[in-house]
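Annotation source Swiss-Prot lists Mo-molybdopterin binding site at 88, 91, 92, 146, 181, 233, 238, 249, 250, 251, citing sequence analysis. The signal peptide annotation in Swiss-Prot covers 1-44 and rests on sequence analysis.
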């Protein structure tokens, strides 16, 4: 596989400081304006990130053992960890980007199990200990592009999803892979209260074609910045597909099913004209209400330092993944 790492010093960026075009999407779909408004405290907190004011401390996770394959490393200074762990999209804990860090401590991950079923010869149920014993972890520095128009670069720790799927031995009927987030309203307040969770249908679900899931770039991610994922980043295990928009990166996964037909996905069900199943990063296919031709790389400087730059096809991974979509109309299959 040809390694592509089109990164510059300005590409290593913090978790987005921008609030929620998607919040606006929900509002325009007719949901409660009160649930979608940005509180003054959160707005002030947003400005403090740009001004370099007080920030929450970085989440303190368990250090992980991992290798660092050279083709996935960028010799660049990473943005402080507290920005990645303190500003997140995870609607199960609220709509504001500060909500997950504030409220995700209710998530219980100690006895986590992940089930692999469906069109497989060997269904599996694995604990996180099983996963760490069976699958060697490695750090990969990946670009991440949000559908909202911002991007960053994150040092994930994880392993190739394809290795887990191979262990389950997919049958010849398997064509797609469906993913499910934990459904636990007692732990995830957004699942219990539509006002908090934006009115999404929970649990959050996502999907990939089998060949996308088997691609070597596709990760099941267990850590960030060398430590176990904190709850707000999708602990204890999440999906990372670097050539797709960030909403494909489903968090806190409890079930992976290999299936015959294209599975439903949360944002596509909510607004199919705005969020496609494929969700490949594509500067030539705009969101119905904003351009995807450019993006904001969010750095550690002030708000005046935030500048737009061209969005790369497949988020810069075209040499590695474009062949998956040969002959497919990317405008129709967005």
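The chain as shown is numbered from 1 upward.
Every residue, even glycine, has its Cβ placed from backbone N, Cα and C.
On the structure: features taken from Swiss-Prot.
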residue : record                        : DSSP (3 states)
88      : Mo-molybdopterin binding site : coil
181     : Mo-molybdopterin binding site : strand
238     : Mo-molybdopterin binding site : strand
250     : Mo-molybdopterin binding site : coil
Self-check item: Of 92, 250 (the binding-site residues), the residue whose Cβ has the fewest other Cβ atoms within 10 Å
Solution: 250
Practice problem: Report the same-chain neighbours of residue 238 (Mo-molybdopterin binding site): residues 6+ apart in sequence with Cβ closer than 8 Å to its Cβ, ordered by sequence. | Solution: 220, 221, 229, 249, 250, 251, 252, 253
